[in-house]
Amino acid sequence: MNYFPIFANLAGRPVLVVGGGAVAARKISLLLKAGAEVRVAAKHLNAELSALAAENKILWLAEEFRAEHIRTVFLIIAASSDQALNRRVFHLAESCQKPVNVVDDRDHCSFIFPSVIDRNPVQIAVSSSGSAPVLARLLRERLEALLPPSLGDMAEISGRWRDAVKGKLKSVTERRRFWEKQFNGRFAALVKNRQNTLAERELAKQLEQNYQGGFVSLVGAGPGDAGLLTLKGLQEIQQADVVLYDALVSDGILSLVRRDAERIFVGKRARGGRTPQEDTNALMVRLAREGRRVVRLKGGDPFVFGRGGEELETLARHQIPFSVVPGITAAVGATAYAGIPLTHRDYAQSAVFVTGHRKADAPDIEWQTLARSRQTLVIYMGALKAALIAERLQQHGRSPDTPAAVISQGTLPAQKTATGTLANLSELAETAPNPALIVIGEVVGLHEKLAWFGENAKKESNPAEHAYFALDGLGTGQEQQAA
């Protein structure tokens, strides 16, 4: 963090602006909106500033800048066309420990101006730390388009009702959940339609009927890249009181969780320790019964080998209300980032997803079905049984020359794709770090041509015979989107 984001209360505070031209006028316009007492040090003013001085909206000192002008002001802005003067202002302000900004000269600023989205009293500031002001402006324009003009009205109405809500709902958690519900419900829709009177009636009604019970959201976190989390999923984790997450949820996803939410790891891996599923189920029920908003955050999609169905059965049995937010499953995300299409008119007319980690009493796998040609087979959690998988598929007719891949840490910067054939699948799996996904089928042969993730999609040798690695993901999904 190059700059600490802070909002300053300038109402009634003296602010010195050095310069009387168009640049100074732009800064003065913003300062006046904030209620600052603006003093202008310049021998001449342009027409816009002359009009403001004539209306007594600014104090024109009618002289060139002098060191004495700094003594009694709160902060200083140097906006003259004289660079030497601007830098002199900077050094004098620094010697007095006064905040100072020299316009368009980042090296001579103790603070900088962000791009601002103004929905008074709501304000959003966007900054590139002075590195890319055009990028900051473009981001501001996008945010302007997303945020309704009624946002300010919503904040003002909420402010008027704040004491009433505080009197009715005693805990911070209750109040936060109440407001989150209003800002995502009918109250917000009424304000957006400029029906403010009806909106306040809706607030009164909701406050009287406020539901205090807990709730569980089962959220799919996607395959790893935070940019692949759904918008609904993001909303849920930012409204949660507590998040129960597993080992497949990436750090990038966890960084998006509401900062004051409690985080509890309930993960499990095939090679390591585990939290028993029964304990996770019981924990969800207990937290919901405490009146908390719980998010059960699971890697990939919760209903694709994620035991999400079992967890919801528990919630339903205990009459805990819940919702489900699907996620991009690893088979879809990791193969896309590896340049391996799951289906292709020339190679595969179907795709089959199976798990290599089953219950002890599960029925036998239909290997004959899995060994069919012209289909793509994707195996989750199969790295430990890669040798058995390859053997059984070949026994049931799949050619040992069938292309195969093991994708590790799919969609993350460290993603690696090892390719070879069914004959050496076990060697590929042995060298692949977890979590790993096995892909078998002719479409794997397209990887070398279609690999795109990472700036250069570089290749490096693999000690396993007939195999290679593609070093994918030199940057995160967020960076690619921002670029």
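For all residues, glycine too, the Cβ spot is worked out from N, Cα and C.
Neighbour count (other Cβ atoms within 10 Å of the Cβ, all protein chains): 21 for ASP246 (active site, proton acceptor). Annotation comment: Swiss-Prot describes ASP246 as active site, proton acceptor, evidence class sequence analysis.
Residues or ranges marked as NAD(+) binding site by Swiss-Prot on the basis of sequence analysis: ALA22, VAL23, LYS43, HIS44. DSSP assigns HIS44 (NAD(+) binding site) to coil in the three-state reduction, placing it in neither a helix nor a strand. With a 10 A radius on its CB, HIS44 (NAD(+) binding site) counts 11 other CB atoms from all the protein chains.
In sequence order, THR329, ALA331, PHE353, TYR380 are the residues near VAL304 (S-adenosyl-L-methionine binding site), counting only same-chain partners six or more apart with C-beta under 8 A. Feature annotation from Swiss-Prot assigns S-adenosyl-L-methionine binding site to PRO223, GLY299, GLY300, ASP301, VAL304, THR329, ALA330, MET381, GLY410.
Annotation comment: Swiss-Prot describes SER128 as phosphoserine, evidence class sequence analysis. All chains included, 16 other C-beta atoms sit within 10 angstroms of the C-beta of SER128 (phosphoserine). Under the three-state DSSP scheme, SER128 (phosphoserine) falls in the coil class.
According to Swiss-Prot, the region 'Precorrin-2 dehydrogenase /sirohydrochlorin ferrochelatase' annotation covers 1-203.
Among the features that Swiss-Prot reports, region 'Uroporphyrinogen-III C-methyltransferase' is placed at 214-483, with the record citing sequence analysis.
Around PRO223 (S-adenosyl-L-methionine binding site), a 10 Å sphere centred on its CB holds 31 further CB atoms from the protein chains shown. The binding-site residues examined here are ALA22, VAL23, ALA330; by Cβ neighbour count within 10 Å, the least packed of them is ALA22. Mean pLDDT, taken over the region 'Uroporphyrinogen-III C-methyltransferase' (214-483), works out to 86 on the 0 to 100 scale. Counting only same-chain residues at least 6 apart in sequence, those with a Cβ under 8 Å from the Cβ of LYS43 (NAD(+) binding site) are GLY20, ALA62, GLU63, GLU64. Its Cβ placed at the centre, GLY410 (S-adenosyl-L-methionine binding site) has 28 other Cβ atoms within 10 Å.
GLY410 (S-adenosyl-L-methionine binding site) sits 63 Å from HIS44 (NAD(+) binding site), taking the Cα positions as reference.
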